[in-house]
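Copied over from Swiss-Prot:
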type	residues	note
CARBOHYD	70	N-linked glycosylation site
CARBOHYD	107	N-linked glycosylation site
CARBOHYD	271	N-linked glycosylation site
MOD_RES	38	phosphoserine
MOD_RES	256	S-cysteinyl cysteine
MOD_RES	383	phosphoserine
REGION	368-392	region 'RCL'
SIGNAL	1-24	signal peptide
């Protein structure tokens, strides 16, 4: 074995499919046996201690991605990235270890490391609880080079705390190794993410894969027949045509002066909520800089509804990121360098993190209302409702309600940009 080898870690967020679907489409065939898990917040408060950190990490990472380019869509899973790196930190020491946890927004003088990992353990357990109306699954996979001897404690901890599976791979056969990893991801995301790994270094001895898959249906769906082509203003000079979903009804929507934005909360059947932020003219950067965990918490606690005429674009976007540069801006650098200390993973050879790849896919549409037999009637006040059109760049979050954790975050600059 060479004296210096690379460790490829692959981070993946699977499909965020904001799509109403019929329960008959449940691929597991066990929808009737699933149960609601709304009580978990009281039973397992451990994850409450890490949720604010995950939210602030999400906003920090988002701002870095937005800073890199203001003309492209953004979509990523904060939970997926944080889970993978927190799991990796179990095998790191000294500065390498501290940089990772501090980069994930944890202050080690305020929260013991054991509570961080216990928080992730409870978070993953709660996210993977069956729900009759929502498909949400996460997975962690360790792909180990044949003959590589891991430190027993590291292997025990990642299995116990992060519910990780371990697989043996011949990284010398790069094509077969790629296929094994990509097949694992494709299966976990129900075919929505394929060929995640494009290239694999022959010196790779260890790969870590995390995925998250979400599929839900709106609590109050849109009618397909009401969707029409409308203009979306990418910037002051660029306009594109997009299919715009429309509905007149009662919404949890308000105009927030602090954010200079309209804020719309839309629930899914089950325990998830999407939050859309439509900034006032010229206020997108202001919105991006002002988002905090406390503000999001206040919006989630607000149940006030008002009438509005809502226009929301259908879209399908993909976010693919090499996280090395963006995480470097958050202070996570040592693990990618020759000075990395990953001796808690294996003592056989010095390791460093060679690659961190993250991919996420998003679809928003109104399909499935007829298949689900959905019909919803509501009374609308006689006063003229405001017309809120998401026809210019906007920001959104997907929150799991039990844990208040940020499953996904993104920005739509151009809905036609794949």
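Placed from the backbone N, Cα and C atoms, the Cβ positions cover glycine too.
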Which one, from the glycosylation sites 70, 107, 271, has the smallest tally of other C-beta atoms lying within 10 Å of its C-beta?
107
Counting across all protein chains, other CB atoms within 10 angstroms of the CB of the residue listed as 'S-cysteinyl cysteine' number 15
Using C-alpha atoms only, work out the spacing between residue 256 (S-cysteinyl cysteine) and residue 107 (N-linked glycosylation site) and round it to an integer in Å.
30
I want to verify one value. Collapsing DSSP to three states, which class is residue 256 (S-cysteinyl cysteine)?
strand
Between residue 271 (N-linked glycosylation site) and residue 107 (N-linked glycosylation site), find the distance joining the two CA atoms and give it rounded to the nearest Å.
29
How big is the gap, in Å, between the Cα of residue 70 (N-linked glycosylation site) and that of residue 107 (N-linked glycosylation site), rounded to a whole number?
30
